[in-house]
Amino acid sequence: MATIKQNIPHAHTRILGIGAYRPSEIVTNDDVCQWIESSDEWIVKRTGIHTRHRAPEDVSVLDMAEHAAREALENSGLTGEQLSTIIVSTVSFPYLTPSLAANLADRLGATPAAAYDISAACAGYCYGVAQADSLVRSGDSTNVLVIGVEKLSDVIDNHERSISFLLGDGAGAVVIGPSEVPGIGPSVWGSDGSKWDAIRMTHPLTDIRTVERGGQRTFAKDLVDPETGEMDPDATLWPTLRQDGQTVFRWASWEGARVAQEALDAAGLAPEDLAAFVPHQANMRIIDQMAKVLKLPESVIIARDIAEAGNTSAASIPLATHRLLAEHPELSGKPSLQIGFGAGLVYGAQVVLLP
């Protein structure tokens, strides 16, 4: 009987290089307060956010991903042709299919690399790192591009105040490849679907396709005024994000810290072994609470990119890491604990050596 041949695995992996893209338009808290009843003082006190970036209409999710990817490739000393796999985490790509990753592979000259998108919201980048680590160690891939990218300005209602004022646009990317030493620890990831509605869209896409009339669902295309050619305004209601802030805050502050501790334990490290802590940039108070529960010493540098970038969902951890390395280049090669958590609720964490 013939024996199935398997790929030769790689013992270890690490992040080879990182890239980022931040849109040029900056939205201040005073700008936000034109849309909601609030103040700069209240927003800073409750969230730690001063500004967030917004992409213009002519800059797409794909464009932002490409910018971040090209920098990550350059910093890795690689070209698109050397990529085996591309993993993109996003909840704001406007096409259900085909994937952003496949389009990006073509732009980067990475064809025929495997390419796919994942939807794990603010934990998506850590999910991508977990998958890339496994793909490289199994021998199924050699170099994997992982991207977190969001144009959340496309999926928010500026006039609601549960989540929209928190969110920003941007992209972060890393290349993961083989390493002679362990550079990515075991991933701790999972979900709690009992809190599925804690962060959600207002309604499904099918509600755009049809609207209710006389107790029945009617196709939106049939609700066009024959004289004016205009569509019924109810037929074009675009889904936007909403959040139960208290539920998310409580879960992230305590359960999130537990997950982060599990990742630290799985890597065989203690808090004092860390050089940096890069949590999802959801809220400055959550970041501070998690650091307190984890009992991180003052020597651990904590990423606080949220102050300037807001919450960028899947992009937040790579963006925060990118800024951290720019401000503290001495952290390169040192261990960092990263954790993402968000809509689902889903979570993912691991310890990595910074590129």
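Placement of Cβ uses the backbone N, Cα and C atoms for every residue, glycine included.
The annotation active site is assigned in Swiss-Prot to Cys122 (among others). Secondary structure at Cys122 (active site), as computed by DSSP, is helix. Other Cβ atoms within 10 Å of the Cβ of Cys122 (active site) number 34 in total over all chains.
Cβ neighbours of His280 (active site) (same chain, under 8 Å, six or more residues apart in sequence): Cys122, Ala123, Ala252, Asn311, Ser316, Ile317, Ile339, Gly340, Phe341, Gly342. The active site feature in Swiss-Prot is assigned to His280 (among others); the stated evidence is sequence analysis.
Residue counts for the region 'ACP-binding' (281-285) under DSSP, split into helix (H, G, I), strand (E, B) and coil, are 2 helix, 0 strand, 3 coil. Per Swiss-Prot, region 'ACP-binding' is recorded for 281-285, and the stated evidence type is sequence analysis.
Residues or ranges marked as active site in Swiss-Prot: Asn311 (among others). Around Asn311 (active site), a 10 Å sphere centred on its CB holds 25 further CB atoms from the protein chains shown.
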